[in-house]
Amino acid sequence: MVATPWPPPPPPPPAAAAASYMEVTQAFAEALRSCSARGVLSGARALHGRLVAVGLASAVFLQNTLLHAYLSCGALPDARRLLQTDIASPNVITHNVMLNGYAKLGRLSDAVELFDRMPARDVASWNTLMSGYFQNRQQLAALETFQSMHQSGDSSPNAFTFSCAMKSCGALGWHDLALQLLGMVQKFDSQYDSEVATSLVDMFVRCGAVDLASSLFVRVENPTIFCRNSMLMGYAKTYGVDCALELFDSMPERDVVSWNMMVSALSQSGRVREALDMVVEMYSKGVRLDSTTYTSSLTACARLSSLGWGKQLHAQVIRNLPRIDPYVASALVELYAKGGCFKEAKAVFNSLRDRNSVAWTVLISGFLQYGCFTESVELFNQMRAELMTLDQFALATLISGCCSRMDLCLGRQLHPLCLKSGQIQAVVVSNSLISMYAKCGNLQSAELIFRFMNERDIVSWTSMITAYSQVGNIMKARQFFDGMSTKNVITWNAMLGAYIQHGAEEDGLKMYSAMLSEKDVRPDWVTYVTLFKGCADLGASKLGDQIIGGTVKVGLILDTSVVNAVITMYSKCGRILEARKVFDFLNGKDLVSWNSMITGYSQHGMGKQAIEIFDDMLKRGAKPDYISYVAVLSGCSHSGLVQEGKSYFDMMKRVHNISPGLEHFSCMVDLLGRSGHPTEAKDLIDKMPMKPTTEVWGALLSACKIHGNNELAELAAKHLFELDSPDSGSYMLMAKIYADAGKSDDSARVRKLMRDKGIKKNPGYSWMEVDNKVHVFKADDVSHPQVIAIRNKLDKLMERIAALGYVRTESPRSEIHHSEKLAVAFGLMSLPDWMPIHIMKNLRICGDCHTVIKLISSVTGREFVIRDAVRFHHFKGGSCSCGDYW
């Protein structure tokens, strides 16, 4: 007996003479249903012939069953022939069966034509057409059909009707319509039907009304797994993954969808290791991993750069899945491409029978990530040749590559391709063009594309806000922000960041207050990182303390990025002890945490503590990066730790294979020069593999002033002037060196050079926070409302320190009323005796002010913490933490 790919057809029904009509009819019907379930077209045709032979071909019940069998087997010509020639009197069931067949085969135009010709319809007819539209992703047409049904009045909706309408509404995310459907369900008293209740919960979750969905969910008796899974998705998106985990843990039973949702939610929220741990737990509990599980898991491995994990999962995919679908294959390509394993990525890619646009896009993106731009362009051209179509996401990815490289030339070539192919209408393509033009400085083209977009999303608006904020045009950025009808947290963050980035911290904090009043906007970690940066720049640590309270309310107080920002804020506000307490409190320290604490100690001139943290980081297995070495070398520089600095400078390349950059060389030049080795510093500059910048020569010039090496100072100044630096500091310093050396003509020449180049001396100003308000002072300032009292206070302080032997060494009258001195006087007037006085200054503190504030700290018994442009100075008891080494 020859084996067949399907089970043998059912035995022929008994002859009509040997059995009753009902028995024969039932036997034929069961045989036809078996053919439908198994897709055996030859069996259906054989049974059709048998029906004709026994005289039952005109039985409407059997005709309908046969019609369903043909359609289930995909035999549309047979079904049409049967309907047109053999079924003389089709009833509503006949038409419904044909409608369902057309819909399942994607022949919606035929289904609509048949529906319009039907002499009679019932609720199943309407449901079948609605379902057909929904299954073919035509949700709007499904809802229009629902509306027509309601208006016709010939059929009343049932549970299936409402469920289909709600699924379509949920897919479109139409919140207002969802509320109307809820009203209709209550009007027809269908809300207690389990299918309808489940669909209501799912609809409101997909429309973003998770609070309402949750209130409906708690009323559902014995919710199904599908219903619970819908709430899992809603909680994860709205309340965070922890809330979803609580529901997940309380579920009496879970299916693979439940597990997959949690794996995906953990991965998307950045908790990638937990996502992979859940996959292991899922496997240990006997849940069969499907393609969705593998796709999420492989994507998590790609984010974690864990090739080892990924390769194990790849082996399981080969072993457990009958075939690798395009989504799993794309995730594998992403894993290997992001890991730099292009050979393996191409091998997986080439093994695909049907290479879809997703796989192409992922591979192109992987090459771009590793800087293989030429290969990405070649792949893009191969994709166009093979698929014969232009995929919007691949196009957007390549344009983003042009944006990263600032390759305006290729970007301009891709722009006409977008127009010619019609992909310019795709929002993702237009957005990538806007970003590309904006980053390349062509804001006119970016705005032109924005204006011609038929449809704009949040990204479109945010891109324009970011584009104008990057060039400092805050007013224009605010115009785009105000022009948006709906804003999300990303948009608010973009505008908030624009204010903070360009020194308008007070406006940024007002923006935060306005953000809190928005019902549908919840601050995220980016919001608070930006705010803490603003507080750090302002030196407004008290305001920062209040914002920390906000992070507690939204559950972000333990977020590593937020805590890192708090460490930096306290450090920059002079509260280094609080910064250390926060650092010690943080359990999951990342590299940014370590770098923030090392930088904080370095800025405070606490080099030994910076080294202590750096060494502890190494002991704990954390690998330092470029910034880590900048921080620790800066600490050595501010504390005069020459041998330690040399050791770490050597360790960079020898141990961690990090090539020293300009910042590292600047630190070493500053360290060697200030410690009395300016010649050695000059030798190091000569050995630099790159051209020295103004920072490097400026560090040498400052060291030369300290140690009176005028010859080397002139050389450093010569290089600085050749670099045409717009900073006035180097000119003023060289003029001062000449003046101190009695070379008044040379000093005058340098000042004339400044005037000829249009370089103006940077005005010095200081600021401090008192009663949640920032007070700003300038030299000889008369704008402050308490200026007379401040100057009187300062004059009395100058008299008191004169009794200690202070003699002002600098001649200009304005030195008496330097901004930091005014701030010191105001602080003594305004703050209680027990409170340290924190002051910020935009320039390096001058020698006279440094001496004066040391003496004031002695006569008043107060502590002053001053942050200048370079470092912190802690004045207490007549001495400074810098040890006069700054």
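Counting begins at 1 with the first residue displayed.
Cβ atoms are placed via backbone N, Cα and C, with glycine included.
Over in TrEMBL, the protein carries these features:
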type   : residues : note
REPEAT : 91-125   : repeat 'PPR'
REPEAT : 255-289  : repeat 'PPR'
REPEAT : 356-390  : repeat 'PPR'
REPEAT : 457-491  : repeat 'PPR'
REPEAT : 590-624  : repeat 'PPR'
REPEAT : 727-761  : repeat 'PPR'
DOMAIN : 816-886  : domain 'DYW'
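Among residues of the same chain six or more beyond the repeat 'PPR' (91-125), those with a C-beta under 8 A of the stretch's C-beta atoms are 60, 63-64, 67-68, 70-72, 74, 76, 79, 83, 131-133, 135-136, 138, 154-158, 161. Taken through DSSP, the repeat 'PPR' (356-390) splits into 28 helix, 0 strand, 7 coil.
Through the fold, the repeat 'PPR' (255-289) approaches residues 225-226, 228-229, 232-233, 236, 240-241, 244-245, 248, 296-297, 299-301, 303-304, 306, 309, 316, 320 of its own chain, all at least 6 residues removed from its boundaries and within a Cβ separation under 8 Å.
Here the repeat 'PPR' (255-289) has, by DSSP, the following mix of helix, strand and coil residues: 26 helix, 0 strand, 9 coil.
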